[in-house]
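Report on the structure given below.
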Amino acid sequence: MPAHILQEISGAYSATTTITAPPSGGQQNGGEKFEKSSHHWGADVRPELKDDLYDPTYQDDEGPPPKLEYVWRNIILMALLHLGALYGITLVPSCKLYTCLFAYLYYVISALGITAGAHRLWSHRTYKARLPLRLFLIIANTMAFQNDVYEWARDHRAHHKFSETHADPHNSRRGFFFSHVGWLLVRKHPAVKEKGGKLDMSDLKAEKLVMFQRRYYKPGLLLMCFVLPTLVPWYCWGETFVNSLCVSTFLRYAVVLNATWLVNSAAHLYGYRPYDKNISSRENILVSMGAVGEGFHNYHHAFPYDYSASEYRWHINFTTFFIDCMALLGLAYDRKRVSRAAVLARIKRTGDGSCKSG
């Protein structure tokens, strides 16, 4: 990319809301204040969102957990998907180049629908997006088929607020497999339903595009996640139908799913904790490579309101680069960013001494 374009994007990057310290109230959040330009804020600079900050007052009820209730439909469908994806791997050498490029592009766009869309925009409100970008992200999110934005954001806010408890939908204390995919194969813990149902989701209920997606999600996901990626290679450049189905659809979808799941599993079990050694989330560079920038997870749980979800800008963080490009085009704005001073203070106060990001 030409240097002058990178300089323009970098300049757009600097036009952010600077958070000089975390908001009050929580294990992750001290009692300091914010700075936006020359103004000081005594509360979160995201007035529309409060329910993604850790709640240290919540504790699991004593006693044995309820018996797992398997959802056999999900188990069978996930097994079939991954069998199809494994077969797709064997077909990759026989695929046309256009099919491989198309599948990769579909993977990246789908991933952005989760990372830049469901996660950083709608779950945490770390930046704002104009209608064309929101429309792109809602389509990309539908391509990813990981539940609609409303449900994804509700589960993710519960994950942050009640992290590592039974009210956390993918509680990593229940093991790698459960936090990776097992939580999707069983009925939700009663605490997840109870606490998740009480979260304030009024910001998303008021967003017509999010609720439109939720209303028409099933036909939308069938078209965008399965029909379109299968038919385009087959119809447009003569790929075999089996290659299109197993590589462009099954393999691509399985890779996107597992890249996202690794944030919940591997990034809570393996890696450094330079920002907060008291929480399980970690900096995992391999996860960040697969999940287009979401692997700096210790930072993200320490500072969930930072739009970059990382201390280091574009370092193995394509999602931040994408958002900054959108800002250059005027489609993204009001990006929240934690100041260097606040980050260093947090490292000194609660870090594990590794002083490494990823």
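The backbone N, Cα and C atoms fix where each Cβ goes, and this holds for glycine too.
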Q. Pick from H300, H315: which one does Swiss-Prot list with H119, H124, H156, H160 for the same Fe cation 1 site?
A. H300
**Q.** Residue pair L53, T240: same membrane side in Swiss-Prot
**A.** no
Q. In Swiss-Prot, the residues H268, H297, H301 are said to bind Fe cation 2. Which of H159, H166 is said to bind at that same site?
A. H159
Q | the topological domain 'Cytoplasmic' (263-358) [mean pLDDT, rounded to integer] | A | 93
Q | Cβ neighbour count (within 10 Å, all chains shown) around R187 (substrate binding site) | A | 14
**Q.** Number of Cβ atoms other than its own within 10 Å, given for H159 (Fe cation 2 binding site)
**A.** 25
Q. When a 10 Å sphere is centred on the Cβ of N147 (substrate binding site), how many other Cβ atoms does it contain?
A. 17
Q.
These are the binding-site residues: K188, H268, H301. Which one scores highest on other Cβ atoms within 10 Å?
A. H268
